[in-house]
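Novice: For reference, the structure I am asking about is given below.
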Amino acid sequence: MKSFTIAALAALWAQEAAAHATFQDLWIDGVDYGSQCVRLPASNSPVTNVASDDIRCNVGTSRPTVKCPVKAGSTVTIEMHQQPGDRSCANEAIGGDHYGPVMVYMSKVDDAVTADGSSGWFKVFQDSWAKNPSGSTGDDDYWGTKDLNSCCGKMNVKIPEDIEPGDYLLRAEVIALHVAASSGGAQFYMSCYQLTVTGSGSATPSTVNFPGAYSASDPGILINIHAPMSTYVVPGPTVYAGGSTKSAGSSCSGCEATCTVGSGPSATLTQPTSTATATSAPGGGGSGCTAAKYQQCGGTGYTGCTTCASGSTCSAVSPPYYSQCL
């Protein structure tokens with residue numbers, strides 16, 4: 001019995017680790033920019049301490065030297081998958097019953113490449129929770145993460161039309177609540193994208209800070225979703241008036257439904273001469289450029305830089321999908 005229990009626990013832990021995920025790609029008005037302007041975390045593991053600076057943009061992130069160009073009022077589509085570099089729809093975007101809300105914030109910064117996330121953030125999107133009349137517990141209800149899984153990891157986010165132009169960080173986040181019944185159990189999966197927004201707006205939305213916007217005891221963070229639920233209090237501020245929401249349980253639309261890797265338009269960003277970031281476009285990498293420490297250097301379908309900066313080595317982190325300079 002003891003050996004069975006240990007084996008069962010080991011299997012559960014393995015399943016838990018396999019279900020971790022990362023926001024790792026971006027579409028802009030249906031054009032695939034891949035992972036060129038995302039700060040990829042060092043792993044697909046979650047942040048659990050809401051008081052840590054890691055709650056801003058995750059742990060050990062690389063900072064690309066490029067920024068994705070976005071017009072105010074356009075739609076970007078964030079994309080999440082369990083394994084780095086794997087954009088297949090064969091697996092859930094975030095598995096293991098990791099149910100919870102999906103939220104997106106933006107932060108106006110002087111330079112999206114160097115910004116550390118300490119400036120204020122405003123929420124521009126959320127897809128949280130809706131009651132399933134046929135269900136008995138929160139597990140049965142509709143959640144933002146279930147919508148992610150239904151849409152191959154994709155979720156459409158409107159960039160507010162009235163915000164002032166300039167550089168922004170866009171922070172995409174999932175809060176997984178499957179073990180959130182005890183303090184510190186909620187799991188936060190986030191990535192920050194580096195954007196340059198163009199337009200003629202002048203709005204400067206009110207902001208919150210990370211850390212600070214969340215408390216470990218917030219009712220939407222400290223919660224038992226395995227019991228019947230009649231309501232859910234979404235963490236953080238309300239969505240900015242120029243942003244958008246999606247009703248949990250609704251169908252895929254726009255790029256969520258139609259954008260397919262390799263079968264539509266894609267874009268390659270021009271790298272500075274001191275390239276430190278790999279690109280996902282054909283001909284944009286290989287041995288002729290250098291990837292900075294913690295950046296991708298190989299994996300299935302990868303065509304970017306394969307040589308790592310001095311002091312780091314290209315290591316298979318999640319073979320065959322993803323190799324990283326470590």
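Each residue, glycine too, has its Cβ placed from N, Cα and C.
So Swiss-Prot has the following annotated:
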type	residues	note
BINDING	His20, His98, Tyr189	Cu(2+) binding site
BINDING	His178, Gln187	O2 binding site
COMPBIAS	265-281	compositional bias 'Low complexity'
DISULFID	Cys57-Cys192	disulfide bond
DOMAIN	289-326	domain 'CBM1'
REGION	265-286	region 'Disordered'
SIGNAL	1-19	signal peptide
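What's the neighbourhood like for each of these?
Specialist: Secondary structure from DSSP puts His20 (Cu(2+) binding site) in coil.
In sequence order, Pro46, Val47, Thr48, His98, Ile175, Ala176, His178, Val179, Ala180 constitute the residues six or more apart from Gln187 (O2 binding site) in its chain with CB-CB distances below 8 Å.
According to DSSP, Cys57 (disulfide bond) is assigned to a helical segment. When Cβ atoms from all protein chains are considered, those within 10 Å of Cys57 (disulfide bond) total 23, not counting its own.
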Novice: Translate the DSSP assignment of His178 (O2 binding site) into the three-state scheme.
Specialist: coil
Novice: Inside 10 Å of the Cβ of His20 (Cu(2+) binding site), count up the other Cβ atoms and send me the figure.
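Specialist: A 10 Å sphere around the Cβ of His20 (Cu(2+) binding site) contains 19 other Cβ atoms.
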Novice: Using a Cβ cut-off under 8 Å and a sequence separation of 6 or more, which residues in the same chain sit near Tyr189 (Cu(2+) binding site)?
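Specialist: Residues satisfying the criterion: His20, Ala21, Thr22, Phe23, Asn44, Pro46, Val47, Asn58, Met80, Ile94, Glu173, Val174, Ile175, Ala176.
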Novice: Hey, does DSSP put His98 (Cu(2+) binding site) in a helix, a strand, or just coil?
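Specialist: Going by the DSSP assignment, His98 (Cu(2+) binding site) belongs to neither helix nor strand, so it counts as coil.
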Novice: Cβ distance under 8 Å to Cys192 (disulfide bond), same chain, sequence separation 6 or more: which residues?
Specialist: Val38, Arg39, Arg56, Cys57, Asn58, Thr61, Gly117, Leu169, Leu170, Arg171, Ala172
